[in-house]
Each structure stands twice: as C-alpha cells, then as structure tokens.
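**Student:** Sharing the record's features from Swiss-Prot:
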- 1-76: domain 'Ubiquitin-like 1' (DOMAIN)
- K48: ubiquitin cross-link (CROSSLNK)
- K63: ubiquitin cross-link (CROSSLNK)
- 77-152: domain 'Ubiquitin-like 2' (DOMAIN)
Amino acid sequence: MQIFVKTLTGKTITLEVESSDTIDNVKAKIQDKEGIPPDQQRLIFAGKQLEDGRTLADYNIQKESTLHLVLRLRGGTMIKVKTLTGKEIEIDIEPTDTIDRIKERVEEKEGIPPVQQRLIYAGKQLADDKTAKDYNIEGGSVLHLVLALRGGQ
C-alpha cells in the first residue's frame, strides 16, 4: 500500500509499505529516498510520535495515510548565515554536512535557490562538495551569504 510522509518544508514523499512494516522499516525507506539517517527522524501520526518497534497496523495507519516527519538533530551545531542586508539566519548543521546541504537549509528558510548562493567563511568562498568540518566551521561560526545572479560564477 502507499502512504505519504510530509516534511516540515512541505515536501511530500510517497512510500510503498505493508501494514506489517515496523516504524524502523519506514524510517529506513525514508533514508533510502531522502538520505536522512533514521536516528534523526521522528514520525508523527494523529498527533502521536511513533515508536520504532511498533508496526503501521499497531497505529491503524492505512493506505494513503499521511505521516509527518520532524527532524531531530543529535549533537547538531548551530551556525549563523549573515546576508548582505545584515539579516542573520540560524541553521542547525552537522559537521559532516556538505556546503551544498547548508545551502539547501538556507533555501528552506529564505527561499534562495542554492545555485544563487555563494557562502564565504574566513575570507574563502566555500565549495559545494566540501563539508563544514573541512572548513573548521563549528558552533557559533558566522558564514556570509552573497548572491550570484543569473548564472554568474
């Protein structure tokens, strides 16, 4: 059967499941589709947080039900991204997050597509495929966001 998982950004993920699947199984399927580790996922249905060992049937989750996915950050690091207008955006990251992932988080909060973002830290423009750790970005670090318009490099 099909169920839907709605994320905080409003994105809806469609999953193929059985009612005998455990919540663990569902989280693994979400990881396959979205790359979010199960230990960072909290699934909510009818206002209740779902426990890993229970099955969809235990919660009376039927075909075309919608679950809500909330992310829990374990040991997350809070950084700030400062825009040219002086606005500061707080973002939770993991040291292993790529710069591209950080740009996606900026997009979630500000609606600016990653392709238009240039992130600067310690005077350097950050490469998308590098991680926060590669640049020694840690809690309290402030990145500067510069906008690149119309495909400029």
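We count from 1, first residue shown onward.
Cβ from N, Cα, C; glycine included.
Remember, it's a predicted structure, so these values are computed and weren't measured experimentally.
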**Student:** Through the lens of DSSP with three states only, how would you label K48 (ubiquitin cross-link)?
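**Tutor:** DSSP assigns K48 (ubiquitin cross-link) to strand.
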**Student:** How does the domain 'Ubiquitin-like 2' (77-152) divide up by DSSP, counting helix, then strand, then coil residues?
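**Tutor:** The breakdown for the domain 'Ubiquitin-like 2' (77-152) reads 18 helix, 27 strand, 31 coil.
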**Student:** Using a 10 Å cut-off, grab the number of neighbouring Cβ atoms around the Cβ of K48 (ubiquitin cross-link), all chains included.
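**Tutor:** A count of 9.
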**Student:** Please count the residues of the domain 'Ubiquitin-like 1' (1-76) that DSSP assigns to helix (H, G, I), strand (E, B) and coil.
**Tutor:** 18 helix, 26 strand, 32 coil
**Student:** What Cα-Cα separation, expressed in whole Å, is found between K63 (ubiquitin cross-link) and K48 (ubiquitin cross-link)?
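**Tutor:** About 18 Å separate the Cα atoms of these two residues.
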**Student:** Specify the count of other C-beta atoms within 10 Å of the C-beta of K63 (ubiquitin cross-link).
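**Tutor:** Result for K63 (ubiquitin cross-link): 10 other Cβ atoms within 10 Å.
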